[in-house]
Amino acid sequence: MEQSFIMIKPDGVQRGLIGDIISRFEKKGFFLRGMKFMNVERSFAQQHYADLSDKPFFPGLVEYIISGPVVAMVWEGKDVVATGRRIIGATRPWEAAPGTIRADYAVEVGRNVIHGSDSVDNGKKEIALWFPEGLAEWRSNLHPWIYES
């Protein structure tokens, strides 16, 4: 089953949005496989966003991510990466579809509440980076109520 890395950023944590964000993924039928509430070290943030290191906003992004605790999660389910991106909404909140997390809770791109894997391959890399110890092994009893097979 496909997995995606989802991170509630410091602004989402500070604003008390953790429960609502988790609820949106659960209500869709995805399964939480790993979760950490943590402060991110500068070097770790730089590693996570290494693909953006040549962008002018990179230093500010790193400062933002290390400014407070984040909630790092792994969600599992059919097409969880693409569907998760639709639940999250466009990076620029003003372009996000109504009802998405960013449309509902974000105003500026630099405080857009949440990060989600943008591809299955990047999801695998992000999960390996954030959860090197592995994930909980379990299968929800709800699985047959969500998936046909």
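Yeah, the Cβs are placed from backbone N, Cα and C, and that goes for glycine too.
Positions annotated as ATP binding site by Swiss-Prot, on the basis of similarity to another entry: LYS9, PHE57, ARG85, THR91, ARG102, ASN112. Summarising the annotation, Swiss-Prot assigns active site, pros-phosphohistidine intermediate to HIS115 and lists similarity to another entry as the type of evidence.
Locations of recorded Swiss-Prot features on the structure.
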residue : record                                          : Cβ neighbours (10 Å)
LYS9    : ATP binding site                                : 23
PHE57   : ATP binding site                                : 12
ARG85   : ATP binding site                                : 18
THR91   : ATP binding site                                : 14
ARG102  : ATP binding site                                : 22
ASN112  : ATP binding site                                : 23
HIS115  : active site, pros-phosphohistidine intermediate : 20
Nearest-integer angstrom distance between the alpha carbons (Cα) of HIS115 (active site, pros-phosphohistidine intermediate) and LYS9 (ATP binding site): 7
